[in-house]
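Here's the structure, in structure tokens; my notes come after.
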Amino acid sequence: MCIFQDCSCLGHRCTGQENWVDSRTVYIGHKVPPPGAEAYIPQRYPDNRIVSSKYTFWNFVPKNLFEQFRRIANFYFLIIFLVQLIIDTPTSPITSGLPLFFVITVTAIKQGYEDWLRHKADNAINRCPVHVVQDGKVVCKQSRKLQVGDVVLVKEDETFPCDLILLSTSRDDGTCFVTTASLDGESSHKTYYAVQDTKAFNTEKEVDTLQATIECEQPQPDLYKFVGRISIYLDRDEPIARPLGSENLLLRGATLKNTAHIYAVAIYTGMETKMALNYQSKSQKRSAVEKSMNAYLIVYLCILISKALINTVLKYVWQADPDRDEPWYNQKTETERQRHLIRAFTDFLAFMVLFNYIIPVSMYVTVEMQKFLGSYFISWDDEMFDEELGEGALVNTSDLNEELGQVEYVFTDKTGTLTENNMEFIECCVDGHVYVPHAICNGQIMPGAASMDMIDSSPGIEGKEREELFFRAVCLCHTVQVKEEETVDGIKRGLHQGRTSSIYISSSPDEVALVEGMKRLGFTYLRLKDNHMEILNREDKMERFELLEVLNFDSVRRRMSVIVRSSSGELYLFCKGADSSIFPRIVSGKVARVQEHVEHNAVEGLRTLCVAYKKLSGEDYEEVCHHLSSARLALHDRDKKLAEAYDLIERDFILLGATAVEDRLQDKAADTIESLHKAGMKVWVLTGDKMETAAATCYASKLFRRSTQILELTTKRAEEQSLHDALFELSKTVLRQQGSMSRDTFSGLSGEFQDYGLIIDGATLSAVLKPAQEGGGGNYRDIFLEICRSCSAVLCCRMAPLQKAQIVKLIKASKEHPITLAIGDGANDVSMILEAHVGIGIMGKEGRQAARNSDYAVPKFKHLKKMLLVHGHYYYIRISELVQYFFYKNVCFIFPQFLYQFFCGFSQQPLYDTAYLTLYNISFTSLPILLYSLIEQHINADILKREPSLYRDIAKNSLLQWPVFIYWTFLGVFDAMVFFFGAFFLFDNTTFTSNGQMFGNWTFGTLVFTVLVFTVTLKLALDTHYWTWINHFVIWGSLLFYVIFSLLWGGIIWPFLNYQRMYYVFMQMLASGPAWLGIALLLVVSLLPDVLKKVLCRALWPTTTERMQTKRQCLTAEQSTIFMLSQTSSSISL
Amino acid sequence: MMASSYNIKEEDGHHSGSSGPGGNAVRTKKPDNTAFKQQRLPAWQPIITAGTVLPAFFIIGLIFIPIGIGLYVTSNNIKEFEIDYTGIDISSPCFNCSQSYSWNTTTSCTCSIPFSLDQPFESNVFMYYGLSNFYQNHRRYVKSRDDSQLNGNLDSLKAPSKECEPYRINENMPIAPCGAIANSMFNDTLDLFYIDPNGTRTPIPLMKTGIAWWTDKHVKFRNPGGSSSNLTAVFYGTTKPLSWPKPVYELDTDPENNGFVNEDLIVWMRTAALPTFRKLYRIIQKKNSLTPTLPRGNYTLDIVYNYPVRSFDGRKRMILSTISWMGGKNPFLGIAYISVGSVCFFLGVVLLFIHHKYGNRNNSSDIPN
């Protein structure tokens, strides 16, 4: 910010002084200026290479490994593995080494592949050819070899390879047209200007002779700010210095339009271009679930360490008696006796290893697999497939599936996201008579004259005149350019009609829509030729108007005017603009009737403009010319003087009528926004567009309702009041509302409460976000956040791409740390997409930038609804169960082993056999939960879509909150106690078989383990709400697999094992009657509390989701009845 | 005028024309409309509510309570007699033996403890020895064995596994069977005599086979070189475990019960789960259906007292027990069944109440919405 201020100061005095703080000097065409002017200081600039990849071939392995082991879990498993390698532990290193190796390899392959794709994309960009002028000739170079100072030739429809200063164009006036659609989302054509002194150099040869230097600021990300100056050495004398502004700067990523070619000089290249600076590095996004998971991990790590510590301490307390430590029957080896000092530590580590399964490596594998496989359901979704585009949803990251179910703030772009980015003329109103082109009457398109349909009674002769004046006004009052259609198609059509067809180009799509609308109403704007505007009137006669002055549009005046001389010599001033800026300047006309229509149209979300005119006499025109020229020639405060002049000129109008243009909303955009609101999300619209347009869209998309009270925080307002006052006033309004609201709720009145919508623009926003200066200002940030929080909808207009990201960041960093989602379609949305927790790209018209950089891409905005409400909800439910269940089942698994230590002299004796220890998480209990986490549907997708409020049930990560986590952990501990002490009392000093033979410790472990596997699997079965055949297959299959495996494992003397401890253990256990009875008993006891909790919670404190579930069940039960009833009623009505 | 409107139509037509083929070309990308991919697989969607689990609770209650009663009665019908012969108490006949113990005594100490049975033991009676505070499940102990040596592997016989340390090699000879477990094999000899009312001691025949798992005896444990060969020769080059008085091939005279397949050894080698355990020692077979296996009356237990337990505060017991289909005397299972059954039944009643009170309210309040 500070640097920027410096530069702007310097910009003001750019003609003289040399104390440029942070600038670069560029020698056009690398030509050193004549000696004496300035010392030649060669500066080093990066080449024009764009690098988005993370690894190179050489650093991939170390860098990737390093990054992977930075994950707490991976590091933990590495440590466990190393401990197992080094010291004598109860379990073999393979049990943890193998899964770890698997996880690391799979992740590395996946990341390597992704980086390879990035390399490929980079190469494609860096190698694309660029035309560079060298020694008066055009040479083709690879884009990456472009250097600062190179003079570049860009042809029509080519994209600028780097940031360029425009030198000259193929057009005489030194202008060119550019669309910055992929940068800021504005698809309209913008005009850029060459410096007047260089615009004549428009061939290779001429450009090569140009000797000039450019001094400019060092690159900064703001797309709309640029300060510099060019010094041109025309005659080897004193150079001519000219200021350079953003109107001279062509940005990388923008496309040249409607101009044959341009010459320009590169000033920022490669990663220093404004586009590259606006891309934030794609940082690893972590979902809230992953964060909870990491928190749980730490809790379990603590549990693990304390368990190990407790056991180590108790071990040493217990074996203080030498007869316990080393009884005669169980002597230590010499080495074991010697290592007394480090013995305690290795004991601790051994306990760690014994209990390490409590944090299972397989959880991470399962979570990764769930995310990866689960994301396919998004791309497979039929409902998110767009026929027109031929594409369905796209998943770029599978890490964030569940985050889709947690969104609290939705930041959406407007153009192309909410709207189709496609303006259409809807109607116009002349003196209260409404004209609708191409109207449909009784289902038939009226031909000929009726292509214009007059809804009101036909006006009289005088009216007819005014009507034609209105049409002429609209046809003339614009800055539209005409491009002759040159395609084969066009020629064919041209032949057909006997006239060339043409397309209109303008910096404002509204104007195009208006002119096209006029064409449909019979008045066709043909071209601007020799400063004469030619229009074709209804009688197919050419009318020519001399264009005298154009008073350009600006957002403060919110209107534009033209002064034309008709062929009959009459002078007209036509003005069109926003109603608020026209009506006060009207002296006559049917104001009331037009205003009525304007308001009516605005309600419908149409963009309205009013049209007015005044006749000028010769003297008037003289005066106007005088005002304008004096203002334009002013050296100081030119803008202010111009504004004053415009103000003087544009008054005393006669109102003609109004127009209505629609930027059509995307299909079901309003419905989607409404659902998102109902689901408890706050929707913000962030757009680079101007406020009026954006506000209209917001109304149309039901973001703002009629009842919404709009709070404005715009430059205009900030000028009137100080920002400080404005903010405080707004916050007061909002807070008062809140106060009365709380009073209402106390008194039990849930009356209509006002909901607020905030409109803020980019400039004000940056003022708000500026760090508090010198005390007095206080921190606006907090007040602003406070206001935003009480608004149901916020509209931010005139936003630069990075500002969008800033807003997202601001909300992300606010107190509650809400989960944000950004959705957009253009390159200008990329920074916000990257910044938000979840970034969604729309596969729009403005290139695939957004879709490429997003986490998910959908074809249309409406797909967001299913994405969040259905997929997000499901994924969240699934993964939270997955995480909780995983910890639960491992508590069940390991806690008995912990308890067993108390009965085996704290000797780290494992309770279960190695095979069971290794396979428990890998195969016996892995598939059911994986499947559950892939296909569970606790409630039907249709219901989720129909009832967006169900989304609130899972808001704020509710299924992974600490109480839930503690419940699961305690359930795990309870179950573990049941398994262990159940088996303990069954075994305790008694015979367990019907043949009098005894069981050993492995049978004890196997009994516990069998109950464990069955309980844990059945617990999942109880949680499953959606039993497809696959669920049945997997759940019963994995139980069967456990039994078969155990039979096999104990059925054979395995030659490669050095112990046969499990031989026939499982069979012997099954052969004993009490074992069966015991298993059944323990199963029932361990499942009982969970069932009870479920039933009670559902009966006493049901959540909305649970109510819906119950309701649905009742409905299905009653469906037959309803069907019968409807049958009866229909027969009665017949 | 006409041309103008025609133009518009033409444009429209043009547009739809251009989007048409594009649409066709990419239609192949459309995801398959299969039930699985659309997450629309037919499914049973059960919901656990008070109403649905009610019957389950009652059924569990109704099943568990009778089973529990049955188990409890069965357990109560089992006859069990236990006698502690450690000899801690001065009044105990084995006191002397327990005191005079030292490792190197070659002479064995004997003592005999009289006892009487109040009730006759009807069916087969199983005779156990029980040890307390003996950590057979200590990790160092559990792993201190070589299963392949015990399985008759000749290589392992000569070079036992490292796990057997420090009971692996003695005087440069491999120990057979190696390891702490084998080394500490229980070596008291227990004999049972029935004292007739007239004072004569009748020895009770004790069967020493059938006490180990069949699979252990026939598959897991095998003598090296097969069953036929001369055990003394096979075990040549190995030495006996330190605390054994005789080598492994002299455990029994019966060749089927000698060496590694000696059932006492096999039973001992199955390490117990808990520090207080019992192991099957002998079986007293029922002679005929007329006389009880062990009639009411006085008995003596003759002990050859070898096994030292006092150093680690251990206890030694002799247990006589009959066995039912549900094993030995263990009231726990029966009581647990009865209580779980009653709890389920009780919960069933509670749930019925809740279901009646709240279930209806939920449903009725929701449906109009």
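Just so you know, glycine gets a Cβ as well, placed from its N, Cα and C.
The active site, 4-aspartylphosphate intermediate feature in TrEMBL is assigned to A:ASP413.
Around A:PHE553 (ATP binding site), the C-beta neighbours below 8 angstroms that are at least 6 residues distant in the chain are A:THR479, A:SER508, A:ARG559, A:MET560, A:GLY577. Following the DSSP three-state reduction, the secondary structure of A:PHE553 (ATP binding site) is strand. Among the features that TrEMBL reports, ATP binding site is placed at A:ASP413, A:LYS414, A:THR415, A:GLU511, A:PHE553, A:LYS576, A:ARG607, A:THR687, A:GLY688, A:ASP689, A:ARG798, A:LYS804, A:ASN828, A:ASP829.
In three-state terms derived from DSSP, A:ASP413 (active site, 4-aspartylphosphate intermediate) belongs to neither a helical nor a strand segment and is classed as coil. Residues annotated as Mg(2+) binding site in TrEMBL: A:ASP413, A:THR415, A:ASP825, A:ASP829.
The domain 'P-type ATPase N-terminal' annotation in TrEMBL covers A:43-96.
Annotation comment: TrEMBL describes A:130-192 as domain 'P-type ATPase A'.
Residues or ranges marked as domain 'P-type ATPase C-terminal' in TrEMBL: A:851-1103.
If you look up TrEMBL, you'll see A:72-87 (among others) marked as transmembrane segment.
Beyond its flanks by at least six residues, the transmembrane segment (A:295-318) meets 72-73, 76, 324, 344, 347-349, 351-352, 355-356, 358-359, 883, 887, 898, 901-902, 905-907, 965 of its own chain at Cβ-Cβ distances under 8 Å. Under the heading transmembrane segment, TrEMBL lists A:295-318 (among others).
Taken from TrEMBL, the feature transmembrane segment applies to A:348-367 (among others). Listed by sequence, the residues of this chain that lie at least six past the ends of the transmembrane segment (A:348-367) yet keep a Cβ under 8 A from its Cβ atoms are 73-74, 76-77, 80, 83-84, 87-91, 96, 99-100, 102-103, 106, 293, 297, 300-301, 303-305, 307-309, 311-312, 879, 882-883, 886-887, 890-891, 893-894, 897-898, 901, 908, 910, 917, 920-922, 926, 929-930, 933.
The transmembrane segment feature in TrEMBL is assigned to A:915-935 (among others). Outside the transmembrane segment (A:915-935) by six or more residues, the chain places 91, 94-95, 99, 357, 360-363, 366, 369-370, 373-374, 377, 878-879, 881-882, 885-886, 889-890, 893, 1005-1006, 1009, 1012-1013, 1016-1017, 1020-1021, 1023-1024, 1026, 1028, 1030-1031, 1034-1035, 1037-1038, 1041-1042, 1045, 1049, 1062 with a CB less than 8 A from a CB of the stretch.
Taken from TrEMBL, the feature transmembrane segment applies to A:965-987 (among others).
Per TrEMBL, transmembrane segment is recorded for A:999-1021 (among others). Listed as Cβ neighbours of the transmembrane segment (A:999-1021) (distance under 8 Å, sequence separation of 6 or more from its ends, same chain) are residues 885, 888-889, 892-893, 896, 904, 909-913, 916, 920, 924-925, 928-929, 932, 975, 978-980, 982-983, 986-987, 992-993, 1035, 1038-1039, 1042, 1046, 1061-1062, 1065-1066, 1068-1069, 1072, 1075, 1078-1079, 1082-1083, 1086-1087, 1090.
Here TrEMBL flags A:1033-1057 (among others) as transmembrane segment. Outside the transmembrane segment (A:1033-1057), and at least 6 residues removed from its termini, the chain residues within Cβ reach (under 8 Å) are 913, 915, 919, 923-928, 931, 1006, 1010, 1013-1014, 1017, 1020-1021, 1024, 1063-1067.
Per TrEMBL, the feature transmembrane segment maps to A:1063-1088 (among others).
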Checklist outcome for this item: Spatial neighbours of the transmembrane segment (A:1063-1088) not adjacent in sequence (6+ beyond its ends, CB under 8 Å) are 974-975, 978-979, 982-983, 986, 992-994, 999-1000, 1002-1003, 1006-1007, 1010-1011, 1014-1015, 1018-1019, 1022, 1046-1047, 1049-1051, 1053
Next on the checklist: Can you tell me whether DSSP puts A:ASN828 (ATP binding site) in helix, strand or coil?
Outcome noted: helix
Item to check | DSSP state at A:ARG607 (ATP binding site), helix/strand/coil | outcome: strand
Item to check | Distance check against A:ASP829 (Mg(2+) binding site) for the recorded positions A:ASP413, A:ARG607, A:ARG798, keeping those with Cα within 10 Å | outcome: A:ASP413
Item to check | Neighbouring C-beta atoms (10 Å sphere around the C-beta of A:THR415 (ATP binding site)) | outcome: 31
Checklist entry - What is the interatomic distance between the Cα atoms of A:ASN828 (ATP binding site) and A:ASP413 (active site, 4-aspartylphosphate intermediate), given in whole Å? => result 9
Item to check | For ATP: widest Cα to Cα gap among A:ASP413, A:LYS414, A:THR415, A:GLU511, A:PHE553, A:LYS576, A:ARG607, A:THR687, A:GLY688, A:ASP689, A:ARG798, A:LYS804, A:ASN828, A:ASP829 in Å | outcome: 31
Next on the checklist: On average, what pLDDT score does this prediction assign to the domain 'P-type ATPase C-terminal' (A:851-1103)?
Outcome noted: 91
Item to check | Reduced DSSP assignment, A:ARG798 (ATP binding site) | outcome: coil
Checklist entry - Can you name the recorded positions among A:ASP413, A:THR415, A:ARG607, A:GLY688, A:ARG798 whose CA is within 10 A of the CA of A:ASP825 (Mg(2+) binding site)? => result A:ASP413, A:THR415
Item to check | Cα-to-Cα gap, A:ARG798 (ATP binding site) vs A:ASP413 (active site, 4-aspartylphosphate intermediate), nearest whole Å | outcome: 11
Next on the checklist: Can you tell me the CA-to-CA distance separating A:ARG607 (ATP binding site) and A:ASP413 (active site, 4-aspartylphosphate intermediate), as a whole number of Å?
Outcome noted: 18
Checklist outcome for this item: For the recorded positions listed (A:ASP413, A:ASP829), most other Cβ atoms within 10 Å of the Cβ sits at A:ASP829
Item to check | Residue distribution over DSSP helix, strand and coil in the domain 'P-type ATPase A' (A:130-192) | outcome: 7 helix, 33 strand, 23 coil
